[in-house]
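What follows is a short report on a single structure.
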Amino acid sequence: MKAIAAELAYFFRGQARKNIKLLTLYCSFLAGLVIMYAWLFRVLMWELEGREYSFITGIYWTITAMSTLGYGDITFSSDPGFLFSAIVTLSGVVFMLILLPFGMISLFLAPWIEQRLRYRATLELPEDTAGHVLIFGFDSVTRALSRNLQNRHIPFVIVSPSHDQAVRLEEEGFRVVFGTPTDAKSLRGARVENARHIIANLSDPENTNLCLTAHAMCTTPIATLVSEPDNRDLLRLAGADQAIPLKRILGHYLASRATTRGAQAHIIDSFGALQIAEIPVQATPFSGQSLSDAKIRQSTGLAVIGLWERGHFTTPHADTHLSPKALMVLAGTREQLQALEQITGEEEAEDRILILGHGRIGCAAAGFLEQRAVPFILIDREANVDCLDHVAVIGDATSSKVLNDSGIESAKGLIVTTNDDSTNIFLTLASRHINPDIRIVARANQEENVDQLYAAGADFVVSNASVGANILSNILEGKESIFLTEGINVFRRSLPPTLVGKSINDSRIRPLSGCSIVALERADGQPPLVVPPPETILEQGMGLILIGNPEQEKTFSRTFRDRRH
Ligand code: AMP
Ligand code: ZN
């Protein structure tokens, strides 16, 4: 019954509704024509043949004539009568037998069939589907992940419990299975046992249920996001291979970029012995010098592979000025990073950070600062009932009184982390106006607001979506590509065979793809060559560690047709 109602409902929506109006108009015209012919029939029968018929007989005769049935029980016997009969039959053929069915098919049947074909959500993937990533829960994080996967040509399928969402996503060109994530039948339909990985991005209880169901059916690895870090163990017990406390990671990440105390290098990730780390220039003694004068390589062995300033990443040259506002990205071994910390370590700058927003992310940022004994003030509109560790100033951060009373003028750093991007943009702009020197780290809830936050004066912007997506991509790719920051990736590729024996200069990797070589991994287990000079010869079996934006990464893959391992 429901199904019939749903089908009927189609005819009362959008274009179908307009077409119904057209059809009603046409039927009224036909009815008018029949009435007119019935009246003419009576008049002609009386005038030509002297016979009298009722109006109902007239209607009956007209319809049998127009529909070409012509029983022959009532007929004219004069020429004008035959002519009239012929006209009625002919107009019946045109208006009733040609135009009416044509209109019905083109205005109703064809669009309806098309709609049925188009809007039928997939319940089952073909049986031989394999090697796909299954995504449960489609939000800004998994949307960004789907872009990463598309760039890397990794097939993925989204499982959606909502018919409308499934249809919408299918229209956008995604492969979708419509089904309940925790239902074994849906999972079988999504060919879970052949999938390469499962990404669970639902609520913690739903993720737990999904992990239990999937784990009982197959050995496909499961990566799940966790809202409440305490639930990580439960999710692992339920069968998750990775449980990622995204909000906590984001909080720590924001906080690590906001503090200028000490010169602790923040390690982003590592490729074997090679570590990639970032450090604020301001917290080092090199602030204000040129790269060649700073002699970082000579004193520590570390290579500066990039500089970030207000959303712009540059590959430095010898005469690049190390601006105190920038963040240095370094490559080297753990020992070399420690050597840097020795040079810079002791001087602890006076630091005080303001955190606007004491939700899960703000709370995690506060926890990070607390551990490093960096003083901070939290501000939130409401008390965080889940947090027993921190006392926040209760007030709307967009009020200038609240901001001023919290000491924005003298604070060294600011973490803007409310759940509303317009508020974050407003707060960034207002704070930059009050304190031009403050280090502002802002959270973008939607990727499209990253640029506005930079324009409003943020020093660093971290988007939930891209951090989440990059963490998940790393897991899927076994950490080939690491998350550096918005729009820049460090990634590993094996040396394309066509480049064996060429020098770095002759390989034309940078001019052709825009990517730079951060390091060369050597086959014989020797330490990696960090930022090798251009004359270095690329040898068989070497691994390339490259840096570039996602576009450049794609160009590299296309140009050198690399194999991933
Ligand atoms: P979460 O998304 O869990 O990190 O939470 C964001 C936090 O930002 C919530 O605790 C909100 O109460 C807080 N928030 C949102 N708007 C404002 C505002 N104008 N002033 C202060 N706090 C805010
Ligand atoms: Zn807290």
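Here the Cβ of each residue, glycine as well, is placed from N, Cα and C on the backbone.
The following features are taken from TrEMBL:
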type	residues	note
TRANSMEM	20-41	transmembrane segment
TRANSMEM	53-71	transmembrane segment
TRANSMEM	83-110	transmembrane segment
DOMAIN	130-245	domain 'RCK N-terminal'
DOMAIN	262-346	domain 'RCK C-terminal'
DOMAIN	350-463	domain 'RCK N-terminal'
DOMAIN	477-562	domain 'RCK C-terminal'
From the DSSP assignment alone, can you count helix, strand and coil residues within the domain 'RCK N-terminal' (130-245)?
54 helix, 23 strand, 39 coil
What does the DSSP secondary structure composition of the domain 'RCK C-terminal' (477-562) look like, as residue counts for helix, strand and coil?
23 helix, 28 strand, 35 coil
Same-chain residues at least 6 beyond the ends of the transmembrane segment (20-41) with a Cβ under 8 Å from one of its Cβ atoms are 11-12, 53, 55, 58-59, 61-63, 65-66, 84, 88, 91, 95-96, 99-100, 103-104, 107-108
Secondary structure of the domain 'RCK N-terminal' (350-463) by DSSP, residue by residue, totals 41 helix, 25 strand, 48 coil
Given a Cβ distance threshold of under 8 angstroms, which distant residues of the chain, six or more beyond its ends, lie next to the transmembrane segment (83-110)?
11, 16, 19, 22-23, 26, 29-30, 33, 37, 40-41, 44, 62, 65-68, 70, 75-76
Taking DSSP H, G, I as helix and E, B as strand, the domain 'RCK C-terminal' (262-346) contains 23 helix, 31 strand, 31 coil
